[in-house]
Amino acid sequence: MAMMRTSPRDSISNLPDEILGKILSLLPTKVAASTSVLSKRWRNLLGLVDNLCFDESMVVYPNEEEETSGSLRFCDFVDKTFALLSNSHIKKFSLSRVYKYNDDVDGMVRRWIRTVMERGLLEIHLHATPMSFVAIETKLLTSNTLVKLTLSARCFVEVERVFFPALKSLSLFSILGDYTNYIRLIDGCPVLEELYMRDGDYPFLRLTCGTNVESASLKRLVIFTHNPNEMIWHELIYFEAPSLVYLDYSSYVSAKYDVVDFDLLVEARLSLRLWVSTNDYDYSDDDDDDDDDDDDDDDGDYYIVEPKAPIFGDVTELLAAIRNITTLHLSPDSLEVFHFCCKSMPVFNNLLNLSIESNKDKGWQVMPLLLKSCPNLHTLVIKGLVHRVTSRCGDACACIPKKQRKIVQKEEALCCLRTCQVKVLQISEYGGYFQELKQMRHFLGKLECLETVKVGVHAENNNNSEFLRANVLTLPRVSAKCNVHFI
């Protein structure tokens, strides 16, 4: 019997124009425009696109001459696209410039921005690489409809007046502009709810974003600043955001934090870094004598220990301001900052979830005090158990120097883990090394309220997962309710 032949059907072309317009709006505009050559059916659908995304990085030029002429062709394509769209409503406009700055091209960019602003724009995203440049005019910073604005890299902002009455989300990533213009920009967004900032990528410029945040409406704040060469710009950090519920803050530690009203804050993610190494401030003393000097055990020589310079930074007020949170995430550096730069640890009565990340070069000195300051902690999440052994790791850690073991045995009943209310312990990137297994034994043998332990094996040790599992499952558990699961 002859096989029945079926002709392929173009089912997507049978969809209504409105749906095809939505589909094309999800594609890069260059790809969407190329569909016009498919058939007559697709020829006029570009006019239904309400999301324009122009990315010059998608174009690769073989040499500098082609780069110059090619960049102009890219601009010509953008101009023709706007001409085809006529007076169509535009919801979102994204532009990424890559190639060299040119006065004519800069004028075109300003014209494109004005055009989309006049068409009820909801979102605009502008990015310029170090080779290019986008100057933001004052008249471009006024819109009654814009709800989301992103300015990235070499976008230069110099404004006299800003008014975005509907703007809910603002992202500023390493923009060019001084502190005054930054403040004007924030002040011109009366209903702003989300603010994302990155600063410090230009070491020759003063930090503008992230040193001062004042917004009555702000609910979500993400700050990343990185300028390890300019301690002077970290004398004072000021936050006033009474509606804030989420904070993600990454920066070198500052001399002082002035925080006004973080009472509604629920979750904080902190990655604070010290300006100097702490290797000379905390060390392990592994001998069995009663002194704190490792060197004098070898030859009886006498060493004069010079006093250490105080470490720059004070996070006392910052921690006091976030004491009502329920979830806290800490980087390895933050643990050291808490230890060296906090004069008085607040009590986190509402903290239910604590997540920390370990690093073999960073210590756990603050862990005993931190755990004692979280009386109602329910879930403890630790990414990696390997950390730097110091003379002050305390009873939260199994890596106790030999000299202190007798003292620790006498104070066993006072161990911070025995009074800890943690019911869920989650360990990720577990490698099964001797130090890690000791730490697991320490947790399982001291956390009396523990009910669930979740262990995720490091990808490098997947081949030994059964062996690692067996080692952990045989460890003694002080809690009769404790169940161990490998995830």
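Keep in mind that glycine also has a Cβ here, set from the backbone N, Cα and C atoms.
What Swiss-Prot annotates here:
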DOMAIN    9-57  domain 'F-box'
REPEAT    71-97  repeat 'LRR 1'
REPEAT    125-153  repeat 'LRR 2'
REPEAT    174-199  repeat 'LRR 3'
REPEAT    225-251  repeat 'LRR 4'
REPEAT    327-358  repeat 'LRR 5'
REPEAT    359-384  repeat 'LRR 6'
Cβ contacts under 8 Å made by the repeat 'LRR 3' (174-199) with residues that lie 6+ beyond its boundaries: 141, 151-168, 205-215, 217-227
Segment confidence, the domain 'F-box' (9-57), expressed as mean pLDDT: 65
Taking helix as H, G and I and strand as E and B in DSSP, count the residues of the repeat 'LRR 5' (327-358) in helix, strand and coil. 10 helix, 9 strand, 13 coil
